[in-house]
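The structure under discussion appears below in the form of structure tokens.
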Amino acid sequence: MPFALGQRWISDTESELGLGTVVQVEGRMVTVLFPATGENRMFSRNEAPLTRVIYNPGDTVESHEGWSLAIEELTEKDGLVVYHGIHSETGEKASLRETLLNHNIRFNKPQDRLFAGQIDRLDRFGIRYQCQLLRHQLATSDLLGLQGPRVGLIPHQMWIAHEVGRRYAPRVLLADEVGLGKTIEAGLIIHQQLLTGRAERVLIIVPDTLRHQWLVEMLRRFNLRFSVFDEDRCVEAFADHDNPFYTEQLVICSLELLRKKKRLDQALDADWDLLVVDEAHHLEWTEEAPSRAYQVVEALSEVVPGVLLLTATPDQLGHESHFARLRLLDPDRFYDYDAFLAEENSYKDVAVAAEALAGDAKLSDAAINSLTELLSEKDIAPSIRLIQAEDIDSELQQAARSELLQELLDRHGTGRVLYRNSRASVKGFPKRIFNAYPHAMPEQYLTAARVNEMMGGRKTLEAKAAQALSPEKLYQEFEDNSASWWKFDPRVDWLIEFLKSHRSKKVLIIASGADTALSLEEALRTREGIQATVFHEGMSIIERDKAGAYFAQEEGGAQALICSEIGSEGRNFQFASHLVLFDLPLNPDLLEQRIGRLDRIGQKNDIQIHLPYLQDTAQERLLNWYHQGLNAFELTCPSGHVLYSEFAEDLLNVLVGGDEDELTNLLNHTQSRYKELKHAMEQGRDKLLEINSHGGDKAKAIVERLAQSDQDTKLIGSVIRLWDIIGVDQEDKGENSIILRPSEHMMFPTYPGLHEDGVTVTFDRDTALSRDDIALITQEHPLVQTGLDLITGSDTGTTSVAILKNKALPAGTLFLELIYMADASAPKSSQLYRYLPPTPIRVLLDKNGNDLSAKVDYTSFDKQLSAVNRHIGSKLVTASQPILHPLFAKGEEYAQAAVDELVAQAREKMTSQLTGELDRLESLKAVNPNIREEELEYLRNQMQELSTYLNASQLQLDAIRMVLVSHV
């Protein structure tokens, strides 16, 4: 496309932005400023979804100063158009450069198209109106952003997303126990922030090994197209912008990249709205010497308004490390470690009071005294009387308990910045059943161990332990690469027999290294022809996806998936319930990570954990330490990290060559310390935090509403009709799924997101969750949103003529149906749509100008209408022009009255909600320092901005349908 500075263009997909101006043309990119909203958009010059705006003689245009010009002719110079005509205020000849046009000008007036004979098919008018209604319905939903993602409707996840996602610039720590879905919670929050306009630019920092996993997760689950940035990508992007991070809105990168000063400086200068940091517990910090990684995240968290930290539970982190994460979120609030510890001790009284309220029993005197002291600024006596009363409605008592709990949550603890769910507070997890299978140590391994000992060599204790735990690796060091250890290792024989006896079961096998995983696949294939696939760090993301899909396939798929330690990070396989641990990792957290591939919320079966091991070896001793010392196979062990840190040296000595007495002594000490830590964690459980994190009945209510929305057959019908009209080919594939393909008769030349080879979709959430290759279609899905935008952003369905066959009315009776849109140009981030989203207003006029829309509903009226061809329709319009012109003026009067009422309601709702929230937060700030001043300032500014935008609300005629009565 030929672009020049100052040219005026309109966005095909975001027409609400108004008239745009080209402000930069550089390399392959063009930047357009939309003055109505103050927003910039950067597009690829070759594929920009933009339409050039050039008016014709006879049109009237408005200047940015407010005067109009009746165009008589136009000229072009240096790619810019100059309009010449008559000035509306002076009546003299004048010229107007296109750069000085009013940016709020609306385009393609339906009445102009109607009188020009550009008449659309009847069904297109209907689908346009349905599209406007769907957009309004979505914009007004308080669950916006929660329905679209391809995730299970799990209460605590939806609750956290609902609470955090609707905040301005949320700064929170997501610290759920392993398996409870922190990544999904973060994705839901990101999705909601983007969809509502609270955020536009997002940076996700993850460990290097998880970059592509996050990329796939964001795309498959949330339909968010992130870009992975590494050094090569930064160098390549330099051609388009001095700062590579400005070339994309959604970016994933590793901490390694940002350790480089140049890249960190660029990231700091990139105006992110939201920063997400995964595995934040690896950021080491002490007051005297914070790590480089911690300093990188700290620098970013100081300039990025919203921050999400995904981390291990506070129990696993230890107090100082937990404080370090909170300090990143709010350094003013968490400024001193000793002060933090003192405050934490005061939470115990709050926890006792919360536990009393969360139960059903009468409150003790101690609990009442504690509540009275904690909520001293509020009169809680009426609520206490309700709770203590004998003969009173249980719902009233429960409401009183809930109200006091909410007061505690608002005023005390870290509930606004920390969310931590535990398995103790979230139900729905399966049992873990441990099965161990002893085998004799092969002579070949014993020989390799003796040779290794004779050769000596300096090795750390940890390296020696690693060798002892994986004898097959040591054996291969002394044999050539083709040495087939799997031909004599009894664990391999056991594995083959196990798979043969469980033919119908999917089995996940995890080994420590990629070489071991590849050798096992070779053994299964060559010895028994067992269908297995591998999954390791040497494979590309596409290869791993294919392996995962092959394993997930029910018919004709692999029976077993063999993963390496690193290769399995971040991947979950809940559809399998058998886990074979071919060896054991040295770290309890890695063991939990392995089991966590299956032991996740949503797993429907008990998990069978199988461990073949070699007797009288380091493998057996480590098994005993995990099983007898930590009970780590059958239960999660939040204290595993602490216990390993404390007993690592003793454990390594036992593994490398300790005797039975040393092992017994280690087990006794470990068991004793395990019980101490478990008791301390139980005592220190923050009941208030748990209640706030899982959401209770409120979370269940959100999930019930989302489930009802999934079953909305009316919505499904509207979406299918939309695709029919656009020309999308739909092939029923069975199993609740449809294949969508562009047909030869597409209404639009391109349909972003719909590929030539098609896409498989479903309206059923369970089907989508069981198949990675099937997209879940909801109102929020890009394929639906794009379809709505294509229709409403074009002139499709803006004019129509129909016949009403009704002998009760005189032949020739005329009705004029007008669809207006009430809206205002405002940045998405202003949240104006919460109060005045683009709203369709229907007016149905008879020939006398009476509005019948309240008496004649759209659906029943539409069913009685018949289409006419364009030629006849054009003649009917021409013949009816004398009647139509005054009706348009009358229709606008009715619509304007409706808009005035909508604006008044929007203003009242906005003032009520924001004033109420501001008053609440201001009063809470006096007793809870977790309320940030930025949040209060944001609310004050938002009220002023929204009031200005509401004053500038506009009425636009969107579609016209002329209806004539016929008896033929």
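Any Cβ shown, glycine's included, is placed from N, Cα and C.
Around Gly181 (ATP binding site), taking its Cβ as the centre, 24 other Cβ atoms fall within 10 Å, counting all chains. Residues or ranges marked as ATP binding site by Swiss-Prot: Asp176, Glu177, Val178, Gly179, Leu180, Gly181, Lys182, Thr183.
As annotated by Swiss-Prot, domain 'Helicase ATP-binding' applies to 163-332.
Annotated domain 'Helicase C-terminal' per Swiss-Prot: 491-655, in sequence order.
The feature motif 'DEAH box' is assigned by Swiss-Prot to 278-281. Within the chain carrying the motif 'DEAH box' (278-281), a Cβ under 8 angstroms from the stretch's Cβ atoms is held by residues 173, 183, 186, 204-207, 210, 214, 297, 309-312, 316-317, 321, 325, 328, all 6 or more beyond its ends.
Within the group of binding-site residues (Asp176, Glu177), the Cβ with the highest number of other Cβ atoms inside 10 Å belongs to Asp176.
In this structure, Val178 is the one among the binding-site residues Val178, Leu180 with the smallest number of other Cβ atoms inside 10 Å of its Cβ. Its own atom aside, the Cβ of Thr183 (ATP binding site) has 20 Cβ atoms within 10 angstroms in the protein chains shown. Note: Gly179 (ATP binding site) has non-local neighbours Arg423, Phe429, Gly596, Asp599, Arg600, Ile601, Thr636, i.e. same-chain residues 6+ apart with C-beta under 8 A of its own C-beta. The Cβ of Lys182 (ATP binding site) has Leu174, Ala175, Asp176, Leu310 as same-chain neighbours under 8 Å, each 6 or more residues away in sequence. Note: the motif 'DEAH box' (278-281) comprises 2 helix, 0 strand, 2 coil (DSSP; helix = H, G, I, strand = E, B). Note on the domain 'Helicase ATP-binding' (163-332): its mean pLDDT in the predicted model is 90.
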